[in-house]
């Protein structure tokens, strides 16, 4: 079926709407299931995995491994945010911040010229801490 004609199930709509409510925060499947339960929605874990994977394939959801690579996390981001050359992810709260900085090109050029390594701007993720650390 063409990308335009892909059918979205009720469960996929529930999943997408729940992700949109997370205010650009990454969630594991387990955290996601907890959020749905808090809303009184019961969807099976397999359905959630399949729904998140399909939404990621369709480019509606961003999918990243956790910083230690042990789990996959998902976040809603609109197409414009996904197209930014880098992503910042908070290690404490999971917040996603699209990175758009005029100095990135200099960094990319330096890495390519000095280290012989060409970065894929679409897949660059930097982990650190956002303003949530002020709440400590």
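A Cβ is built for glycine as well, from the same backbone N, Cα and C atoms used for every other residue.
Note: TrEMBL annotation is automatic and uncurated.
Taking Cβ-Cβ distances under 8 Å and a sequence separation of 6 or more, the neighbours of residue 93 (Zn(2+) binding site) in its chain are 25, 130, 132. The Zn(2+) binding site annotation in TrEMBL covers 90, 93, 130, 132.
Report note: the Zn(2+) site is defined by 90, 93, 130, 132, and the residues of the same chain whose CB lies within 8 Å of the CB centroid of those residues, excluding them, are 91, 92, 94, 95, 129, 131, 133. Fewest Cβ neighbours within 10 Å among the binding-site residues 90, 130, 132: this applies to 132.
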